[in-house]
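Listed in Swiss-Prot:
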- 223-278: region 'Disordered' (REGION)
- 1-24: topological domain 'Cytoplasmic' (TOPO_DOM)
- 46-76: topological domain 'Extracellular' (TOPO_DOM)
- 98-136: topological domain 'Cytoplasmic' (TOPO_DOM)
- 158-188: topological domain 'Extracellular' (TOPO_DOM)
- 210-278: topological domain 'Cytoplasmic' (TOPO_DOM)
- 25-45: transmembrane segment (TRANSMEM)
- 77-97: transmembrane segment (TRANSMEM)
- 137-157: transmembrane segment (TRANSMEM)
- 189-209: transmembrane segment (TRANSMEM)
Amino acid sequence: MGEWAFLGSLLDAVQLQSPLVGRLWLVIMLIFRILVLATVGGAVFEDEQEEFVCNTLQPGCRQTCYDRAFPVSHYRFWLFHILLLSAPPVLFVIYSMHQASKEAGGAQLAPPCARGRAEAPCSPCALRARRARRCYLLSVALRLLAELAFLGGQALLYGFRVDPHYACAGPPCPHTVDCFVSRPTEKTVFVVFYFAVGLLSALLSVAELGHLLWKGRQRAKLLPPPPPSPSLPSQRGDPDPFGPPAYAHRSPAGDSEGEGGSGHSKASLATVRQDLAI
């Protein structure tokens, strides 16, 4: 149970970035899959090979028939299913933690746009938020693909019913051998339940994917246009190409004023450069 608790804590961190539909998917994942499989599934399928009985004493025949009846154990198939479904959300959590650590380390070096104008479409905060939304959208899409792939695999491998009787023929069995499965009704109920949970999870993933795409379009419509690039106001008119050069009328007092104006222009250039760097 320690491994399940660790996986549950990682998945629980996803709800901070998830909408309501994503949180419903997380509840189904934690309760109806991880909890049920860890408590009930192990008890139902732990002795399936030991209780798989065939009416023959031929060495190796029972093991071969069991392998033909169940190419992959139900329990191990569902374990791999849960691990693969958990991979995209866990990777998104790792990405979010990495971005949070980078922001915490560079908070003092953040430009003014990131501190005072985070709603600007070109600000670093807006870019980071857009990048996080795209990563979450990708994780939901990968989760949906994994869900559909495993639902198809379960239907092809096992179907929806565990038969109590299995007729096995072929080497090393000398003839057609009758084999019997333990607790077939209980296993059938569990197989149908797990498939229904998978369908519900896939529907929630489709709904969440559609919700995220719709929210992205609405956000793009409401996004304000980027502000125009700032430019330095002209202090003087255009020089006369036929007039005397400006330095011909310079006076000592004008030189001192020019030095002050030069310092002011440098300060303005520094301010504009800082704004343009945002």
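Glycine is no exception: its Cβ is also placed from the backbone N, Cα and C atoms.
Note on the topological domain 'Extracellular' (158-188): DSSP counts are 5 helix, 8 strand, 18 coil. For the topological domain 'Cytoplasmic' (210-278), the model gives a mean pLDDT of 54. Beyond its flanks by at least six residues, the topological domain 'Extracellular' (46-76) meets 37, 157-158, 166, 168, 170-174, 177-183, 187, 190-191 of its own chain at Cβ-Cβ distances under 8 Å. Packing against the topological domain 'Extracellular' (158-188) from elsewhere in the chain are residues 44-45, 47-48, 51-56, 58-62, 64-66, 68-70, 74, 195: each is 6 or more residues past its ends and has a CB under 8 Å from a CB in it.
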